[in-house]
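My questions will all concern the structure given below.
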Amino acid sequence: MKSFISLLGLSFLTCHASAHYIFQSFTYKNIQYPPYGYIRVNDNYNSPVIDLASNDLRCNSGGETSKGTQTITVKAGDSFSFTGDIQVYHQGPLSIYMAKAPTTAAAFDGSGQVWFKILDIGPTFTNQVATWNLYQTYTYTIPPNLPNGDYLLRIQQLAIHNPYPGGIPQFYIECAQITVTNGGSGTPGPLVSIPGAFSDTDPGYTANIYSNFFNYTVPGPAVWASQGGSSAYTGISNGNNAATTLASMPAATGAATTATTIVTTTAAGSGSATKTGTSATATATGAVVQKFGQCGGQGWTGGTTCVAGSTCTATNAYYSQCL
């Protein structure tokens, strides 16, 4: 009997863990970069943040500092994507926030009344039945009116599948580091502090999606209303962007070693095409790769030896990661 209970508990924990997810990959100009290349590394695997007073609400546990994450240069008006390790599983809204860094994105911890929201994705109601947009990849646009500078770009999915107060809503969060160019002269807002932007009395936090659930307000500030252009989000339920090239990270410092890479990209409804280009290696061959860094995959010429305590694990034919 004891063995049966232990196995039952293990099964529950395995299912519970598998229902979690993490937005680990960033895409720009149809190039999807390796996990944590431009996204700050968290130290809680795929677990959510649940403490409304915690600084972890900004960029996840362990994401308060850069830890070597690179910063990608993007143009205002261009699209970008966050991709999770699996499809978002729990019902709840998704939001994207930004915060302008006083100096560099890498040096910014996200403190202060600096955060503004550029996107909310709540449920749609048809005949009083809610439908949630649960995707693996979410794509949106850098606001055309956004001033130039360094920013933290924060994705947040709030899981409310286990209603409060019996359950605690779960925040799934990651931050990318970006430098915006070709920007405008808008004034983003309203500005809020994180933590501080969410309360356990917010209707969108306390909502019971299983009882009398006919409308919904996403927690947090209003979305910045003067972003410019006519941006609309898109989502892919399972998998990466169409027409996406999987790429290695450019070298962070010093002269980069380049290699010719041939990759196959698939566009929706257009079959496949072959693209040839050069990509810089993330680490020199033989260098020790830090935890969560890339350590292998098709075309990879960087380091293949993981730091002590980590193992090089294949995610797919194109990407292996130190875990």
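Along the chain as shown, residues are numbered 1 onward.
Glycine residues also receive a Cβ, built from the backbone N, Cα and C atoms like all the rest.
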Quick one: Swiss-Prot says C59 makes a disulfide with which of C15, C175?
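Within the candidate set C15, C175, Swiss-Prot assigns the bond with C59 to C175.
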Which residues of the same chain, at least 6 positions away in sequence, have a Cβ lying under 8 Å from the Cβ of H20 (Cu(2+) binding site)?
Y45, N46, S47, P48, Y89, Y172
Find the average pLDDT over the domain 'CBM1' (287-323) in the predicted model and report it.
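Its mean pLDDT is 73.
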Using other CB atoms within 10 angstroms as the count, which residue among the recorded positions H90, C175, N215 scores least?
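Fewest other Cβ atoms within 10 Å, among the recorded positions H90, C175, N215, is found for N215.
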N215 (N-linked glycosylation site): which of the recorded positions C59, H90, C175 is the nearest Cα neighbour?
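Considering only the listed recorded positions, the nearest one is H90.
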If I restrict to non-local contacts, at least six residues apart, and a C-beta distance under 8 angstroms, what lies near C59 (disulfide bond) in its own chain?
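Same-chain residues close to C59 (disulfide bond) (Cβ under 8 Å, separated by 6 or more) are R40, N42, G110, L152, R154, I173, E174, C175.
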